[in-house]
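Chemist: Supplied in structure tokens, the structure appears directly below.
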């Protein structure tokens, strides 16, 4: 099967220099949603028609299974499909999709393909209470005879509620002939793809139709308002699927999934959370309000407190994280690790039962089990040129306001006194401290402010 995706439109109402089909919905371009759906149908040819925005579309979406054809100037949908003709295989049908209609499901498209087979012209249609702006499906004795655009329709035709979604499948050899015979003698001066319906009828090719499971599958995006509306539709669909899977959502209207969210049993998600990329939450995970998780895996029974931000992290079981914690790429936490408020962890492994509860930076470090990191501790991993690692072995106690100048190793069971700046390895099972001796100055008085 051939699939052609029309993605050349300017999108003037978007009020943006970015091509319309590259605007994001749920974290990825509109066009990428359509491509992902098309791939589920296993096409032999997948051709993207681009135009507005120059080379941005092919540059962003390069892939071995995609081909591209440029439409310049843009003279209508029929003219757009003409640009793909050299790439279409005559021996299989051609399905035409739209880069700004992102939510059509593969199931609805497969239904259309099954009805059309290899020798019929198939049209995906919907019935609308208000069909204004859509091409009307004109039938005679139940059979589709043509599609008339809104601007070319008479009063009787405008009363028709069944409309064309634009999604069409056609036998390719005949499609090429019909495209070659298109005329632009209409109110828009464009070559309408819909005119092939009349050509098919004239050639004795049966025209059939199918309808999607949901009307929103055919909604397109022509403005930021429509984009926002479709974003809510999509997020509501995701929220419903999560609820049906057993996830507890404090408010289904206040969750955003911009990628893939996989949840185990008894997962609870509070309001305002955002999930980006691939996120996996194991059984019993609890996420409090306004957390952001990007490409992160969270182990069972872990509790993430409010306003925490994870990116590229792996969190073990029964951990307590936050509030206001930040896990950056390469953060790997073992079982029962506690990361508290205003603690940042980057490119570090922290083993089971260790804690850093307050105001700490842990970067490029390996931390053993049962380690306590005091408030205000900083691993000084960067010398202005190179980054070095800090190694803290099991059962270490690091006092508050400590700086560890990497590369450095803290031996097993050692204690680092509060306020220490550690520049050499600390031996195991001993107290290491480096700070000036405390003194008291008798008779000292504070300076007095000088009057000006």
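Each residue's number is its place along the chain shown, starting with 1.
Cβ from N, Cα, C; glycine included.
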Chemist: 381, 382, 400, 418, 435 bind acetyl-CoA according to Swiss-Prot; which of 375, 428 goes with them?
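Modeler: Among 375, 428, only 375 appears alongside 381, 382, 400, 418, 435 as acetyl-CoA-binding in Swiss-Prot.
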Chemist: Within 10 Å of each Cβ, count the other Cβ atoms and name the one among the recorded positions 358, 435 with the highest count.
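Modeler: Answer by Cβ density within 10 Å: 358.
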Chemist: Under DSSP, is residue 100 (Mg(2+) binding site) part of a helix or a strand, or is it coil?
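Modeler: It is coil.
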Chemist: Return one of helix, strand or coil for residue 222 (Mg(2+) binding site), based on DSSP.
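Modeler: Once the DSSP labels are grouped into three classes, residue 222 (Mg(2+) binding site) ends up as coil.
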Chemist: Tell me, how many other CB atoms lie within 10 A of the CB of residue 418 (acetyl-CoA binding site), whichever protein chain they belong to?
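Modeler: Result for residue 418 (acetyl-CoA binding site): 15 other Cβ atoms within 10 Å.
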Chemist: Closest of the recorded positions to residue 381 (acetyl-CoA binding site), Cα to Cα, picking from 100, 222, 358?
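Modeler: Spatially nearest to residue 381 (acetyl-CoA binding site) by Cα position is 358.
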Chemist: Rounded to a whole number, how many Å is the Cα of residue 375 (acetyl-CoA binding site) away from the Cα of residue 358 (active site, proton acceptor)?
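Modeler: Cα-Cα distance, residue 375 (acetyl-CoA binding site) to residue 358 (active site, proton acceptor): 5 Å.
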Chemist: Looking at the binding-site residues listed here (100, 222, 382, 418, 435), whose Cα lies nearest to that of residue 358 (active site, proton acceptor)?
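Modeler: That would be 418, the closest of 100, 222, 382, 418, 435 to residue 358 (active site, proton acceptor).
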